[in-house]
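Below you'll find the structure, written out as structure tokens, and then a few comments.
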Amino acid sequence: MQFSRVLAALCGVLLCASGLFAASGDFCDSSLCLNGGTCLMGQDNDIYCLCPEGFTGLVCNETEKGPCSPNPCFHDAKCLVTEDTQRGDIFTEYICQCPVGYSGIHCELGCSTKLGLEGGAIADSQISASSVYMGFMGLQRWGPELARLYRTGIVNAWTASSYDSKPWIQVDFLRKMRVSGVMTQGASRAGRAEYLKTFKVAYSLDGRRFEFIQDESGTGDKEFMGNQDNNSLKINMFNPTLEAQYIRLYPVSCHRGCTLRFELLGCELHGCSEPLGLKNNTIPDSQITASSSYKTWNLRAFGWYPHLGRLDNQGKINAWTAQSNSAKEWLQVDLGTQKKVTGIITQGARDFGHIQYVASYKVAHSDDGVQWTVYEEQGTSKVFQGNLDNNSHKKNIFEKPFMARYVRVLPLSWHNRITLRLELLGC
């Protein structure tokens, strides 16, 4: 390369000026090159240093660190060089070995979000089981739809039938997902603790052919450690993560009955479904605005302002409510910078005992907050199904993710008043 020749010529001039002269021929005095480099003489008496592996620079005076220094990988991932040129002073390719729960070329994408059992984004119809225990003379049904983390009540979990020798419980995501782990919890039945002590995990793309996660040796099914009481959480992460539409848990050993509450962890398959900052307050109040706000009894102290519209916000006044029930109302989020938006989670609320929520809505997005584009699928504006109660999560995924800084929710139908808590998903 011409640039290399110029540098080499400069090196030669400097060395000669120091009183060091190379012998004639292809090879020159090796003492001119440091760290065991080989000295070569060019046609114009230009000096070149061919550096050994691990060194670079004009006279091999610099340590070659390669593309892994500094580490380009995020979240403490390990950087591995995958190819070199056998010269030792040029490295061209590397990969990042991601820790459990992260994905992406540089492990920049988190993949350990709760997938919807606890919050309700996964509907009852998506949860099934091999059997159900019927308690209290057949009046108590411990069905699979109850197997949601932290569920409360007298009957608050799934329990397999006592006669089921190979019980299982299954979740259908309705689409292929990346699943990175599971959180399990037992429950109390008739005042006595019941839980899974060990279990296996199987996964499937079609709901017919299932494969079990294998142990470290690859010779058998992996048995995961479960719980030790009825209420504490046990988290198990999958390494590697799974790509599946269906996940099954198979109890292996149980304390008294096989009773379970659980949550699955992961992300959308494209790995871009992290919460964008409403629930955790990363997005400041000033970046959440609305067309109007309702005030109970017309008092400012009881205002249902837009900054309250954060998913799972708590308190007596804990959501955004529009001043009027009109399709002209909207709630807007400024993400601060342009983000890739892949989904949305919505939730209603109560106004002093009155259940209120948005039943259907559209979504619009903008780069400048002035010109807006309504989200479309198949050439028409998409109407999303909203909530059915005041507290459950309803998750909708955008089949065509979009890049935007501003996102608006445009309510179309509602129960009682337009009331909303939400989170946006993306990266």
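The backbone N, Cα and C atoms fix where each Cβ goes, glycine too.
Features of the protein shown, as given by Swiss-Prot:
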- 1-22: signal peptide (SIGNAL)
- 24-61: domain 'EGF-like 1' (DOMAIN)
- CYS28-CYS39: disulfide bond (DISULFID)
- CYS33-CYS49: disulfide bond (DISULFID)
- CYS51-CYS60: disulfide bond (DISULFID)
- ASN61: N-linked glycosylation site (CARBOHYD)
- 64-108: domain 'EGF-like 2' (DOMAIN)
- CYS68-CYS79: disulfide bond (DISULFID)
- CYS73-CYS96: disulfide bond (DISULFID)
- CYS98-CYS107: disulfide bond (DISULFID)
- 111-267: domain 'F5/8 type C 1' (DOMAIN)
- CYS111-CYS267: disulfide bond (DISULFID)
- ASN230: N-linked glycosylation site (CARBOHYD)
- CYS254-CYS258: disulfide bond (DISULFID)
- 272-427: domain 'F5/8 type C 2' (DOMAIN)
- CYS272-CYS427: disulfide bond (DISULFID)
- ASN280: N-linked glycosylation site (CARBOHYD)
- ASN390: N-linked glycosylation site (CARBOHYD)
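Structural mapping of features recorded in Swiss-Prot.
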residue	record	DSSP class
CYS33	disulfide bond	coil
CYS49	disulfide bond	strand
CYS68	disulfide bond	coil
CYS73	disulfide bond	coil
CYS107	disulfide bond	coil
ASN230	N-linked glycosylation site	coil
CYS267	disulfide bond	strand
ASN280	N-linked glycosylation site	coil
ASN390	N-linked glycosylation site	coil
CYS427	disulfide bond	coil
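Note on CYS98 (disulfide bond): other Cβ atoms within 10 Å of its Cβ, all shown chains, come to 24. The recorded positions listed here (CYS33, CYS49, CYS51, CYS96, CYS267, ASN280) include CYS33, CYS49, CYS51 as those with a Cα within 10 A of the Cα of CYS39 (disulfide bond).
If you measure from the Cα atom of ASN280 (N-linked glycosylation site) to that of CYS60 (disulfide bond), you get 51 Å. Between CYS267 (disulfide bond) and CYS73 (disulfide bond), the C-alpha separation comes to 20 Å. Per-site Cβ counts within 10 Å over the disulfide-bonded residues CYS39, CYS51, CYS68, CYS79, CYS427 peak at CYS51. With respect to their backbone Cα atoms, CYS49 (disulfide bond) and CYS96 (disulfide bond) stand 32 Å from each other.
Of all the Cβ atoms in the protein chains shown, 25 others lie within 10 Å of the Cβ of CYS33 (disulfide bond). Comparing CA positions across the recorded positions CYS33, CYS98, ASN390, the one lying closest to ASN230 (N-linked glycosylation site) turns out to be ASN390. Cβ environment of CYS258 (disulfide bond): THR159, ALA160, ASP164, PRO167, GLU194, LEU196, PRO251 lie under 8 Å away, each six or more residues apart in the same chain.
Sequence-distant contacts (6 or more apart, same chain, Cβ under 8 Å) of CYS96 (disulfide bond) comprise PRO72, CYS73, PHE74, ALA77, LYS78, CYS79, LEU80, ILE105, HIS106, CYS107.
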